[in-house]
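Feature list (source: TrEMBL):
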type   : residues : note
DOMAIN : 37-141   : domain 'Calponin-homology (CH)'
DOMAIN : 150-256  : domain 'Calponin-homology (CH)'
COILED : 271-298  : coiled coil
COILED : 436-519  : coiled coil
DOMAIN : 752-787  : domain 'EF-hand'
DOMAIN : 788-823  : domain 'EF-hand'
Amino acid sequence: MTQIETTVHYDNGYEDEYMLQEEEWDRDMLLDPAWEQQQRKTFTAWCNSHLRKAGTQIENIEEDFRNGLKLMLLLEVISGERLPKPDRGKMRFHKIANVNKALDFITSKGVKLVSIGAEEIVDGNVKMTLGMIWTIILRFAIQDISVEETSAKEGLLLWCQRKTAPYRNVNVQNFHVSWKDGLAFCALIHRHRPDLLDFSKLNKDDPLGNLNLAFDIAEKHLDIPKMLDAEDIINTPKPDERAIMTYVSCFYHAFAGAEQAETAANRICKVLGVNQENEKLMEEYERLASELLEWIRRTTPWLENRTPEKTMAEMQRKLEDFRDYRRQHKPPKVQEKCQLEINFNTLQTKLRISNRPAFMPSEGKMVSDITSAWQGLEQAEKGFEEWLLTEIRRLERLDHLAEKFRQKATNHENWASGKELILIQKDYETATLTEVRALLRKHEAFESDLAAHQDRVEQIAAIAQELNELDYHDIASVNLRCQSICDLWDKLGTLTQKRREALERAEKLLETIDQLFLEFAKRSAPFNNWMEGAMEDLQDMFIVHTIEEVQSLIAAHEQFKATMPEADAERQAILGIHNEVQKISQSYGIKANIINPYSTITTEELLNKWEKVKKLVPQRDGSLQEEMARQHAHERLRRQFAAQANLIGPWIQARMEEIGRCSLEIGGTLEDQMTQLKQMEHVIIAYKPNIDKLEGDHQLIQESLVFDNKHTNYTMEHIRVGWELLLTTIARTINEIETQILTRDAKGISQQQMNEFRSSFNHFDRKKNGAMETDDFRACLISMGYDLGEVEFARIMMLVDPNATGIVSFQSFIDFMTRETADTDTADQVVASFRILAADKPYILVDELRRELPPEQAEYCIMRMPPYKGPGAPPGALDYTAFSTALYGESDL
């Protein structure tokens with residue numbers, strides 16, 4: 001090699017004396033092989049102790065820095081600054097460019113590099129590479145060491161001499177032979193960490209054991225990587241000074257900040273004490289919120305359950321259970337919800353006073369979440385009550401339809417009984433001409449009767465279909481019976497057609513039939529059918545809800561009674577036909593007991609049914625009049641409820657307005673406002689019996705199955721909601737005044753200042769709704785002397801309106817006016833304190849916390865501090881920066 005003089009100059013006034021001591025190393029650009037080997041190991045280990053933080057390392061110091069990439073990364077890690085973006089190519093000029101960027105950065109830190117060029121580094125020049133790394137070590141690890149106005153080498157040497165002075169057999173005069181026996185290293189460790197080794201047991205004649213013991217303890221307990229080999233130091237007459245200095249500087253940085261630990265620990269204890277007290281309050285809130293949300297979670301599914309019962313009695317029991325819930329179970333929970341909101345506001349006030357971040361409950365347990373869950377509960381509650389009433393009406397309708405189906409089915413089955421046997425008999429085969437004609441006419445009458453019953457069968461099928469659509473509980477038996485009726489009906493139709501065809505064939509062989517009997521049959525059958533229909537209508541059940549509906553039924557009944565004279569005339573005409581048959585029979589010698597061959601209807605049957613119709617008419621009159629009386633009673637209940645509701649509703653609204661006016665008054669003190677609000681609260685609580693009485697009237701209405709009320713716009717649900725809102729509003733307003741008193745006392749605000757704040761707020765509260773809009777808030781600040789730019793106003797809005805709602809409440813206004821005068825700790829101060837405890841590492845170990853902090857505070861940090869995720873951290877390293885910022889709400893921890 002050619003001789004190149006390599007010299008490093010600093011712009012900060014350091015003397016050249018130290019650099020002159022290095023000329024021996026520079027001579028002829030050669031290194032003692034043993035020194036070179038020691039520097040290689042030491043510098044490689046020093047570089048890797050920093051590169052591990054970035055997740056990488058080097059193996060060969062002159063090879064791995066040739067492309068400049070890891071060299072730039074090393075400088076970024078040890079300086080904490082970003083270098084220019086490296087070139088990613090593999091060509092020589094790319095490597096030279098990257099090395100130049102690194103050298104330029106070193107030069108920018110006040111270091112002059114002489115004869116160290118990028119080409120030598122790229123070419124793998126060992127001498128230049130080691131010289132460059134030593135320059136970096138000097139600048140970033142040794143240069144800042146200062147003891148009694150000395151610096152660099154002299155300061156580090158003086159520090160070592162003072163720390164090892166009390167120890168026997170230790171005399172540090174340089175950075176080479178003074179360290180060969182290992183006692184100096186052990187003395188440094190014992191001076192600062194006497195718990196790690198027993199110096200009295202060390203032997204000066206065992207340098208190998210002493211060195212290995214010191215190196216192992218430093219690596220394991222002090223996070224100082226093993227940069228030296230004990231054998232190399234022992235076997236070298238004069239160990240490499242730069243290697244020793246590099247390694248010793250790590251001890252300086254590890255121990256220099258120990259005296260600051262106690263101060264940092266005290267600050268942390270104070271901060272953690274405040275935080276622990278607040279966390280107890282937060283845990284209490286979490287517990288109360290969890291219990292309330294659990295009750296809502298259990299209750300809501302019950303209210304959302306829409307599984308209908310099969311009978312009216314079971315549904316009435318459901319309604320009674322719901323009433324018990326409204327009277328007994330829900331009111332205490334309303335009070336708990338109100339108290340929870342009050343506790344939350346009180347906690348937030350304490351956090352603001354201690355400059356702690358606002359309490360953010362765990363997911364799903366915020367006040368808004370509880371309010372949302374409560375709203376869901378009330379929505380389900382409202383829907384449940386509506387469903388109960390609808391289901392009761394449906395079951396009432398079902399019972400009515402089922403009874404109607406049974407009556408019509410029974411009448412039809414009675415009529416159809418035996419018809420199949422009549423239709424399948426072959427009596428016409430042995431009958432006379434007259435008998436055949438009689439059979440034919442009788443069959444025609446049957447067909448007429450069959451056609452008349454078609455409408456009844458359709459009615460039965462329609463009722464069954466409606467029962468299916470309404471999900472009647474015994475629908476299986478209804479369907480079975482309906483299907484049986486329809487099947488028999490179809491069979492009767494088929495048999496009727498076959499018998500007609502047989503009789504018409506026989507009619508061709510027979511003579512005429514007595515027309516009078518035929519006339520009787522044709523007229524008696526429709527009349528008999530009319531009477532049967534009339535009896536069904538007169539016995540038909542009805543369900544009404546208003547007086548007008550009853551009046552409609554009465555009018556229809558009057559119309560029916562008006563048809564009675566015409567029906568009586570038809571009856572007399574039919575009886576006249578029968579009397580004519582009897583007269584003819586007597587005239588022609590026919591026996592009096594002759595039976596009409598065309599009809600099964602007798603005059604006795606007609607007379608009996610007619611008498612029954614006449615008896616049912618007044619019975620129907622009585623039933624309708626009873627229903628009219630019941631509907632009048634329902635109307636009285638409606639009017640009674642409306643009279644009370646129309647008084648209570650406006651009273652509640654008037655109290656709400658009084659509370660709003662009281663919260664905006666500025667004439668008296670906050671204590672005066674509190675007294676007035678407490679009086680209002682007493683008046684409101686005393687009004688509760690009126691609500692209970694209205695609940696009783698509402699229960700009577702529901703028990704009477706009255707579902708509407710045209711005399712008032714207020715429903716019981718409106719009154720309940722208004723009453724609960726009134727209770728919540730008075731409690732919340734009292735809490736707001738208490739919070740203002742707490743804030744005033746904690747911040748040292750006088751009553752006059754508070755009144756001035758309130759006066760300014762009221763003046764710019766244009767809409768008088770207890771909140772200022774953005775433009776009004778800006779005008780208010782300007783009127784109070786604030787010089788507002790857009791950026792400053794935006795910052796203030798972030799403080800008073802963090803959710804960007806566009807409005808500023810009075811509490812937010814008061815907080816803003818008092819916030820900036822508080823003398824509080826900051827997150828940066830806590831981070832700096834932790835950094836002192838961690839010996840300037842970006843992480844801290846569990847042992848360090850337990851050593852520096854009281855046991856309770858140390859365990860508190862260990863339980864809550866997240867793992868450190870940066871490069872090069874040992875197992876169990878903790879991230880104190882994230883923990884500290886979380887205390888002040890500046891992270892998501």
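Placement of Cβ uses the backbone N, Cα and C atoms for every residue, glycine included.
What TrEMBL says about a protein is an automatic prediction, not a curated fact.
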Averaged pLDDT, computed only over the residues in the domain 'Calponin-homology (CH)' (150-256): 87
Remote residues contacting the domain 'EF-hand' (752-787) - C-beta distance under 8 A, at least 6 residues beyond either end: 660, 663-664, 666, 670, 740, 744, 793, 796-797, 800-801, 806-810, 813-814, 817
Long-range environment of the coiled coil (271-298) - Cβ separation under 8 angstroms, sequence gap at least 6: 333, 336-337, 339-340, 343-344, 347, 350-351, 354, 356, 359, 361-362, 364-365, 369-370, 373-374, 376-377, 825, 830, 857, 860-861, 887
Secondary structure tally of the domain 'EF-hand' (788-823) (DSSP, helix then strand then coil): 21 helix, 3 strand, 12 coil
